[in-house]
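Reading through the structure tokens given below for one structure.
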Amino acid sequence: MSDVTDTSTPERPAQLPAQSPPVDPAETAAAEQRAGGRLSWWRGEGGEGARRNLWLIGVLVALIVIGVITRPDLYGDSSWVWSNILVILKLASVVGVVTVGMTFVIIGGGIDLSVGAIVALAGVWATTVATQSYGAGGMIFCALAVGLCVGLVNGVLISYGRLVPFIATLAMLVAARGLAAELSDKQTQVSDNATINGIASTNLFGIPLLVYILAAVVLAGWVLLNRTTFGRRTVAVGGNPEAARLAGIDVKRHTVLLYALSGLCCGIAAIMLTAQATSAQAAMANLYELDAIAAAIIGGTLLSGGRGTIIGSLLGVIIFSTITNLFAINGLTTEAQNMVKGGIIVAAVLVQQVQFRSLTQFLGRNRLTTN
Amino acid sequence: MTEHSRDLSRRRLLFGGAAVGAGVLLAGCTSNESDQPTTAQTKGADAAAGGNAAPGERVTIGFSAPAADHGWLAAITTNAKAQAAAYSDVEFKTVEAGADAAAQRAALSTLISQKPDVIVLLPADGKELNAAGLEAMKAGIPVVNLDRAFPDALAYRLQIKGDNYGMGVAAANYIVAQLKAKGVSAPIIGEIAGTDSLELTQERSKGFADTLAQNGLKVNNRRPAEFTADSGQQAATSLFQALPKIDAIWNHDDDQGIGVLAAVTQANRKEFFMVGGAGSKKAIEDIQADNTVLKATVTYSPSMASSAISLARLIAQGKGMSDLVELQVPKELILASETITKENASSYLKLGF
């Protein structure tokens, strides 16, 4: 993740002076206007994001209460409860990392259907006999580089090839899984690297390393979205690409970077998943794209772009893994679990629509009529 | 200005160089040459033995199996090819069947138009490809159905398959015997199934549950995975969380078992023993080494593809199985599910895939 912040920060000073001097005042004025206009808008939206996250936390609490009621024997044991929290977070970690990248892409007005396939391709590429001979460093580099490259290809196809994101990433979904099957010769590739496998079994201060990785990626994503020019541009590009272009943002270039970021997240996720399964194969990370999109959506990310929060997406992922956990400890079937997941997605969007039409607006109108 | 552009071009050069370098490195990382290539399971044409192995009339065998996304399916195709190559009188024609039933139907009509002497077919779905089987039989080409049965008896000449229900029975029998030997009362039994929507998974689970019920036991928690290692790891992690103490687990598939065993290590659980399914090479090696919770596996061997090719050859040549009285190959063959334990692992190692 730190690579991303590294590449985006130095680009800023290099790019701004590169604008020809006559445009400079206009550019700064536009930037000022953007920043000024942003402030109040930001505050209002931020408040709404917080309200939405509160609702998600409510759902989470409800799920845990259901767990306590249905399995009081398990929840009565405090050491089990602690280990259960860690298991839920561990189950959320891989999809969580993918969802951070997905959230950026969706906020930027796109969609990435290829994330599951990228995870599989990066995982397979990192576990070939040749890559494994370079040790843990080689495997991690390989997974990250493959993820980044595939993301770049997605971005270039969409920005400069003018393909619709849905089509470009759908094509990549098929192609990347195909390439992964070709590389692995359709076999399950076992990772013999103790360092890589150790990522999934190592605990630091009683908390699994995977959870730290998730936390680091989420933190980096949050900073990148909320505290950097890159993040503000992402919101601008997704909210209104034409306005963003007129404001001097290189929309095409920015879009490429968004997909590259998503690909990089997939590369990180690939290492985590490979470590967990101590192996990789072309069919792994099946349907992760849907899990990630669903988590981002119930987290309050607008599918048409321009709005979304990293924390909301994280809560979305954790809600899903809590549901999985709840059904597992009660020994219920996955069919029922999938129906409940579907219901939660619909309910989340419905509730958010009500919120989006804004309770305050609604109340304000009422106040007007009563006055 | 110029300084900036020089700066930029230097940066580009650096990035470009790094990109090219990374590309070369990555391309170098695609090689998968293993020290020990996996050997196919074949039965050599033992000419000295005479009888059916002796070269006969030249026959063409058409073969179609779905694109493999699993080690078992990959082994099916490898075995079929290798077995055909072992016969000097067999010409082997294979068509890529694509990913789904529709693609395979299209591939099959191409194959039928080439008029092979016999077709060996592993359908993506037996029900959906029933019509294709009928079409070939009508065109006078005998069809050998591999593993996934056609509902219509007219659609095939020979049916050869594994015993999914029997796998569940064998796994349950082993678990029951072990628990009795250990004297465990009221044991906690977990099950990690394969893809739940597949009929074969349902049959396996039914055989397992039926046999346990006969012995007064039941499955305490059942988590389905998707025949992949990562889904196996997740299903097992959930299962361990639901059952703080477990006595025995049956995991349907050894490929997903790689993930299940990883989850066992990660959760640091060793109070139970586990039975696998299918009989992969790695699983048999693990059983032989006896250093994991995996103590046995029940087979569903892809060697059936090799046998299917041998029998297809006999059908095309109009011969029967030499050990049987009948002059023709029988119509149905169901392989028994065998239980591999530490004691007999060495003799099964060559059948692992």
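Glycine residues also receive a Cβ, built from the backbone N, Cα and C atoms like all the rest.
In TrEMBL, annotation is done automatically, which means it is predicted and not curated.
So that you can see what the record holds, here are the features copied from TrEMBL:
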- A:1-10: compositional bias 'Polar residues' (COMPBIAS)
- A:1-30: region 'Disordered' (REGION)
- A:52-69: transmembrane segment (TRANSMEM)
- A:81-107: transmembrane segment (TRANSMEM)
- A:113-131: transmembrane segment (TRANSMEM)
- A:138-157: transmembrane segment (TRANSMEM)
- A:163-183: transmembrane segment (TRANSMEM)
- A:204-225: transmembrane segment (TRANSMEM)
- A:256-275: transmembrane segment (TRANSMEM)
- A:310-329: transmembrane segment (TRANSMEM)
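Sequence-distant neighbours of the transmembrane segment (A:113-131) (same chain, 6+ residues past either end, Cβ-Cβ under 8 Å): 94, 98, 101-102, 138-140, 142-144, 146-147, 150-151, 154, 166, 169-170, 172-177, 179-180, 183-184, 189-191, 262-263, 265-267, 269-271, 273-274, 279-289, 292. Of the candidate ranges A:52-69, A:81-107, A:138-157, A:163-183, A:204-225, A:81-107 contributes the most Cβ pairs within a distance under 8 Å of the transmembrane segment (A:310-329). Annotation: stretch A:204-225 has the most Cβ pairs under 8 Å to the transmembrane segment (A:81-107), among A:52-69, A:138-157, A:163-183, A:204-225, A:256-275. Same-chain residues lying 6 or more positions outside the transmembrane segment (A:256-275) and placing a CB less than 8 Å from one of its CB atoms are 1, 3-4, 8, 93-95, 97-98, 100-102, 104-105, 108, 110, 112, 115, 118-123, 126-127, 139-140, 143-152, 154-156, 158-160, 191, 196-200, 210, 213, 217, 230, 234, 237, 284-285, 288.
Sequence-distant neighbours of the transmembrane segment (A:204-225) (same chain, 6+ residues past either end, Cβ-Cβ under 8 Å): 1-2, 4-5, 8, 86, 89-90, 92-94, 96-97, 100, 103-104, 107, 231, 234-235, 265, 268, 272, 275-276, 309-311, 314.
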